[in-house]
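The feature domain 'STAS' is assigned by TrEMBL to 514-695. For 71-95, 101-118, 125-143, 189-211, 217-236, 248-265, 277-296, 332-352, 364-381, 401-421, 459-483, the entry in TrEMBL reads transmembrane segment.
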Amino acid sequence: GQPFLQYAVTRPLYSEDAFADEHEKIHRHHKTVRHHVKQYFTCDLKRAKNAALSLLPFIGWMRIYQLKEWLLSDIVSGVSTGLVAVLQGLAYSLLASLPPWYGLFTAFFPVIIYFFLGTSRHISVGAFPVLSLMVGAVVTRLVPDGGPPVNITGFEGLTSDEQRVMVAASVTFLMGIMQLAMGLLQVGFIVMYLSDTLVSGFTTAAAVHILVSQLKFVLGLVVPGLSGPLSIVYTLEKIFVQIEKTNVCDLVTSILIMVVVFIVKEINDRYKAKLPVPIPIEVIMTVIACGVSYAFNFQVNYEVDVVGRIPVGYESPLAPNMQIFGQTAVEAFPMAIVGFAVAFSVAKVYSVKHDYIIDGNQELIAFGASNIIGAAFKSFAASTALSRSAVQESTGGKTQIAGLLSALIVMVVTLAIGFLLEPLPKSVLGAVVIVNLKGMLMQIREVPYLWRRDRPDCVVWLVTCLASILLGLDLGLAVGLGIELLTVVFRAQFPRCSVLANITGTDIYKDCKDYMSIYEPEGVKIFRIPSPIFFANIDFFRGKLVEVGFNPLRVLRKRNKALRTIRKLLKKGKLSGPIEESEDESNMEDLDQPTDFKDLPVQVNWKSELPAYIQVPRVDVHSLILDFSAVSFLDISALKGLKAALKELIRVEVEVYIVACDAYILEKLHSCKFFDDEVKSSMFFLTLHDAMLHILEKHPVNSENTKILKEISETVFMYLFSKL
């Protein structure tokens, strides 16, 4: 049979004061700020060793490297990833509005630096389409396609392409400085503010931008790169105006490649368990396209725009331009955040899958250093592309040795065989980029799920996505963050308060709207506050309290007015017949003070009928319990507001009890001199049931339910186990 579980506890009824008297607390010394600062700056051998290991994480995994088991996997993975990195480097350079071969630098320098400094063993560092597009927006703003560049001193004597490279390298350098600074200041937690919903909406919008930006290559049109709000609309307009000039050869090549790559990628996905390595279809199709383009001389015969001359070797380092820093600081910050957020979320997925730890602050340092050194050698913003990281991991990559080998493949292309890619049509690169957008565009399927499950989250997704599409990625991200923080504020500011009642025959209390068999003793209300109480929501809670019972301030004022009237009647010696209420304006504030019965021979019973047709609202509640079990903090404004609310209730003879209050909040109330003659610490009880039993003792109600309630004793799980 089923095991029969029960628990029965017999213990005294505890208020917080009674519990504190009976159980002595351990006095704990809390560390001061000075102590923390001193600890941070002290150094010993162990700390120095840990610092070196955390700053150079590759030492840690190199020490446990299993040569026989891992090396072959890393080589296979490195070669596969390297081929994809070459292709994506060229393709994402077009997104950044740069000559294609600069993408090869981005697939080389940052990878080498990340090998030494990064904590993830599986991500493939290099160009990321969203970041490339953000770089492209800055580049086309400062060096437009049609028209003079912005007036910057370092631009004299440079060609348009060289100016663009200088802009891209400078903004990448600045982005690297920001990432490095955040890493050194240990603010890796900043990425926590980018929720999965926000990142999903943002990357979907970025995918739409990328799709539109690649249309000109697929259709073989000349469209100037635009940036800023509504640039996507203007770009589409420019494309459709000259749609009849479409290069049919480019269009056919692109469609053919997209269809083949898409089908083979689906096969890769479906049979990934059976395939030893995914089919590198993009690389195969690129090689074929290159060969066909060369054989039929696409550039001359069909006027196809090709990659063109790829210089052999690396270019000399470039110092970043300070003037460009000033012009691009606003765009560099969202780039730094997005680059890190995407890389960190991908790295987190693989670290969980393969059971090792990644460090957010060290990742910031790694990407900061990668971007700074990469930018010096003319690479542009680096993060990680999900598709490339998936190749590195799924082909068996175990460590960043695979990343290092992928960089070597890129180096071979740069130094020796780059000329083979010269006849490659740009439309092929555009097609490759578009096919890789599938994952990002399919995120739109999350919207119906979010709408059903969490409306505020759905609003964050939609607003971030639409704002990023219409206003541009940097402004869109800012709008998305604003909306996300607003939803958090609204959730905390307007939480779902509830009135609780006892589940008959137990010590359990639930929302009285949800259950049938509940027991509410007459004159007792239990109000649950399900969030922290702070300056923004204290008035909301006070309003909700009024809804639960009555407005105590109004009742108090009416009572005090009634007392004035009764005093006047007593002076006149008559307590019957109607009387005109005259407002004594001079001492209106007295109406908010506690009811004062001095001068009166008897205390007035407000529940009985009053003389001379005096009307005072009846108060049916004698006890109010506030459930603080979900209140995690109180600020000073809330403290004042709470005290005022409690005083109003106490002054109309309602006993208030606060239950399940966090120890730190109680400590804060004592230290802030919260208690006085009216608001006493004796109102705090350990649990809801303790307070209820105390109330029933003071205000006995003769009913069966009350007897049952009093018989139940409470808390701390003691279990009696027996089998039926």
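Yeah, the Cβs are placed from backbone N, Cα and C, and that goes for glycine too.
Away from its own ends, the transmembrane segment (277-296) comes close to residues 76, 80, 83-84, 87, 253, 257, 260-261, 264-265, 267-268, 302, 304, 306, 391, 394-396, 420-421, 423-425, 428, 432, 435 of its chain (Cβ-Cβ under 8 Å, at least six residues beyond either end). Here the domain 'STAS' (514-695) has a mean pLDDT of 84 out of 100.
Residues 101-107, 111, 124, 126-129, 132-133, 135-136, 210, 213-214, 217, 277-278, 280, 282-283, 286, 307, 380, 385, 387-388, 391-393, 395-399, 401-410, 413, 421, 424, 426, 429-430, 432-433, 436 of the same chain lie 6+ residues outside the transmembrane segment (71-95) yet bring a C-beta within less than 8 angstroms of a C-beta in it. Residues 95, 129-130, 133, 182, 232, 337-338, 340-342, 344-345, 360, 433-434, 437, 440-441, 443-444, 446, 450, 457, 460-469, 473, 476-477, 480-481, 484-485 of the same chain, all 6+ positions outside the transmembrane segment (189-211), place their C-beta atoms under 8 angstroms from a C-beta of that stretch. For the transmembrane segment (332-352), the partner stretch with the highest count of Cβ pairs under 8 angstroms, out of 101-118, 125-143, 364-381, 459-483, is 125-143. Taking Cβ pairs closer than 8 Å, the transmembrane segment (248-265) reaches residues 217-220, 279, 281-282, 285, 289, 298, 302-305, 425, 427-428, 430-432, 434-435, 438 in its own chain, all 6 or more past its ends. If one looks beyond the transmembrane segment (101-118) by at least 6 residues along the same chain, the residues whose Cβ comes under 8 Å of a Cβ in the stretch are 55-58, 85-86, 88-93, 124-127, 165, 168, 307, 310-311, 314-315, 362-363, 365-367, 369-371, 373-374, 377-382, 400, 403-404, 406-407, 410-411, 413-414, 418.
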